[in-house]
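Listed in TrEMBL:
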ACT_SITE  593  active site, proton donor
ACT_SITE  636  active site, proton acceptor
BINDING   94, 95, 309  FAD binding site
DOMAIN    351-365  domain 'Glucose-methanol-choline oxidoreductase N-terminal'
């Protein structure tokens, strides 16, 4: 079964192509693929058995995705009695999967879930914690670009939104953290509805969780964690020594250690992050947690994939409020359009970009904007306004001991050898290893006005407080086992380590707007990053504290401060605040957390939905996803 060394170049290239790892193939030096291979191969191929083992790993990788039980022939969702449902859920993302599963628990409620993409759990690049970045510029993602960011050098930022069941829970960094208790208490106060308070909402967090204790973290209070829910969380991801050192360095600069960001001590502090990774070292998404085989076997649940909803259908015969009575959907712009009817409700769960997109296409939105696009107005509401996102800034450092995961994008035969070793460990041995990293391995939540971290003598400016409560943070710091640019599309040519800061409670807001009345044209997104001076100033403080952490033991001992090349940040602490402001403007990016475009609030305060998530002035229509957040939460959306 073993290939000769002279056959290996062809084998590698063919397998890499089938794995869609074309970047790996294109970056292998020509010497690896040329006449010098046989000598270099001796370093890797000790015996025919080693080669055979490698090929077995690759064959396992190529064995295809998981089979799914979803409807792809969309006409089956429309015909006869099958085309009439009690509830239609538009969008099979993080919330849509949970809604479909929970609502269909009642056998008397017939549910249709429509998802524009396919299955996330069927994709190895989604299931494998470290490989999600491979999906960012693929057909599985809406590869949006922001409008030019006026306060950030006019850049147009890449803005990926998932086009998969599970939504962004199928492509995110799997960090299990839910914001601060004060966030939800603020929601309850705004709406006058105590069901949104943390005291109440935390019961449902506990209900969906299945926490797995770890002997290395005995201080986690398991009494506040769920143990029977469908969403498995814990410490099954791999974590590097540098990320452990980050936690200790944070403590040494004055950030208290916390065993659990969701524990009784609140959100503040530093710790290793819990993750949505299960005991098999695979991602836990909303799809894998909620659309289980048992759930999909329910006769009252239909999950249709590759079904893009083009508009909501309304009954306007009542001279009072219009009623949502169904949806129109299709596979592509040129394919047949189908309709399904809802006897009770339509629930829009397309996310903070596509929920407002669908509503506006259907005539619910700012009347002047809809008129500009030639769309008849069903209800004038501030849909698409109040867009807010967590803006992030990345810092790059040289890894002193050259042990980073740089080989994930191999530039040499040695890198390729390490990568295939990681594949073997993860896919064949099933022991996790480097491919079980979620990248965001450790985190810290702090306040930008904490005098212990930002002494007034050094930071005299009093910045507006945008937090939800005095205990709530406004900055998150986190570490990754290597540095990258352009959302992972570009790696450095040396071994690196990275630190990141993002603003949890921005005061800068933007909008999602229609570019046209064509449902197949993606909307305009403008998060308006760092428009307000306080947002910029707080991110500068975040950069300052990261630079201090990087120069604090034990992390400092793992970074090469003598490596002062201009594209790395070992001398950044010498810069002035004005220079750091320029750096923030240059580097600010999305951390993939847009919210608030269909805001839950009183109508007179810019609300689109009430506290029951019902769209104002329209019967039978709700919105349920991150677009309804009254304010963005102090953590992971």
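Just so you know, glycine gets a Cβ as well, placed from its N, Cα and C.
Please treat TrEMBL annotations as automatic predictions, because they have not gone through curation.
Within 10 Å (C-alpha to C-alpha) of residue 593 (active site, proton donor) lie the following recorded positions from 94, 95, 309, 636: 636. Around residue 309 (FAD binding site), the C-beta neighbours below 8 angstroms that are at least 6 residues distant in the chain are 90, 91, 114, 116, 327, 328, 329, 350, 358, 519. Distance from the CA of the residue listed as 'active site, proton acceptor' to the CA of residue 94 (FAD binding site) is 13 Å. The separation of residue 636 (active site, proton acceptor) from residue 95 (FAD binding site), Cα to Cα, is 14 Å. Sequence-distant neighbours of the residue listed as 'active site, proton acceptor' (same chain, 6+ residues apart, CB-CB distance under 8 A): 175, 176, 177, 178, 179, 593.
Shown for the domain 'Glucose-methanol-choline oxidoreductase N-terminal' (351-365): DSSP residue counts in helix, strand and coil, namely 11 helix, 2 strand, 2 coil. When Cβ atoms from all protein chains are considered, those within 10 Å of residue 593 (active site, proton donor) total 23, not counting its own.
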